[in-house]
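Participant: Quick one: the structure is below, questions incoming.
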Amino acid sequence: MVHSVPNMSSTAVTDDDDFDVRHSSFSAYDPNRLSEDGSPTMLSPWNQSCSPYTKSPWYNFDDDFPKNLPQNGLIGSLVREEGHIYSLAAKNDILYTGSDSKNIRVWKDMKEFSAFKSNSGLVKAIIIAGEKIFTGHQDGKVRVWQVKSKNPNNHKRAGSLPKLIDIFKASIKPSNYVEVKRNRTTLWIKHCDAISCLSMDHSQGLLYSASWDRTFKVWKVDNSKCLESVKAHDDAVNSVVASVDGIVYTGSADGTVKVWKRESNGKTVNHVFVQTLLNQECAVTALAVNKPGSVVYCGSSDGVLNFWEREKKNLTHGGVLKGHKLAVLCLAVAGNLVFSGSADKNIIVWKRDGPVHMCLSILTGHNGPVKCLAVEEDKESSSTGSEKKWVVYSGSLDKSVKIWSVSEMAHNLHQMATMQQNGQVDNSWDSIPSVKY
């Protein structure tokens, strides 16, 4: 197990704005917080004692590795006793956190910098796009916030997707209504269930929203127009990721991962189904794609990671990574590293070296399921030209956000070649039932 105890004292956070921050704090790692008492996972279907990873060799590491190599460890924790953390977004050392309260918190230098309030609780997704912030909510709405460049701690509500005027115009035509459930219809430009995920194609100015209503929608950021709604899956869409060259990936509680290709004709945008990468019984809970779009990762409710590698225009199944005891709830990719957060409370750091993936380290310390991840390059390492380092933020249902320092040069605690080459997932174990995330 790799974690470090920073030499930092606990400091209270103070602020003079309208939001009560008396319970906000930055604290050093506290080993006493590892207790499972009161953890949300104790009442969760993820907490399966029959997990195939109970006797995993991942938890028997050799302590005799060289001490002079860089290690991955905890920098600090952000704690505010107001709700479970469901979403994160980070850019230029600014961190946004969404929870099941009505507040979106803004953090800078591990202190609360600002906050703004929505009309709906449970902020399930956050995307930063220039001076705009998009938040996806349990009520099926995507809300838009404007950041003032002259006053970056001031966030003003700039509307929602779709806009009220667009709803009014669309409601006039009966052809704009689609059936979503038996004897129930709604406008095609509106989500009728919780937003599960947001993704951004910055080069095209397109925002993608995925929902439990089994669709994903495409929005033009500059005018907030809904360009398209795609009936993508037979169950809740848990993840959507926009990649390079107009490729979009979706993962669903129906157990499938699908590939879509964007085709544009003037102002018209259409996403055409390309292929199904995975079809399994357990839910697909998270997706991530590396920056070049050459590797696709998929996390599932059985704790397994599948990945595919792109060769020319074809995607080939690269293998299976097994390390988590319970469901994989979130994924992030940075450089050659892959981060997987799980209901088992741990974050595994994987390093890709060609076709081989190795477990670089396991980050422990959360007291509940790890629900979301965000990664930024460590500016200090990039400016000094030393080994590549990343700052990793992890949000948990234990109501905390933890900040980690991760180096690509850290000692490999355990090397793991892919379990299967170009094969299918081994479904011989008892699977956790497919659920929405």
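Any Cβ shown, glycine's included, is placed from N, Cα and C.
Sharing the feature lines straight out of TrEMBL:
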type   : residues : note
DOMAIN : 193-269  : domain 'IP5PC-F beta-propeller'
REPEAT : 188-229  : repeat 'WD'
REPEAT : 230-270  : repeat 'WD'
REPEAT : 277-309  : repeat 'WD'
REPEAT : 321-351  : repeat 'WD'
Participant: Taking the repeat 'WD' (321-351) as reference, which of 188-229, 230-270, 277-309 has the most Cβ pairs under 8 angstroms?
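Facilitator: Against the repeat 'WD' (321-351), the leading stretch is 277-309.
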Participant: Restricting to the repeat 'WD' (230-270), what is the model's mean pLDDT?
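Facilitator: Result for the repeat 'WD' (230-270): average pLDDT 95.
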Participant: How do the residues of the repeat 'WD' (321-351) split into helix, strand and coil according to DSSP?
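Facilitator: Counts, helix then strand then coil: 0 helix, 20 strand, 11 coil.
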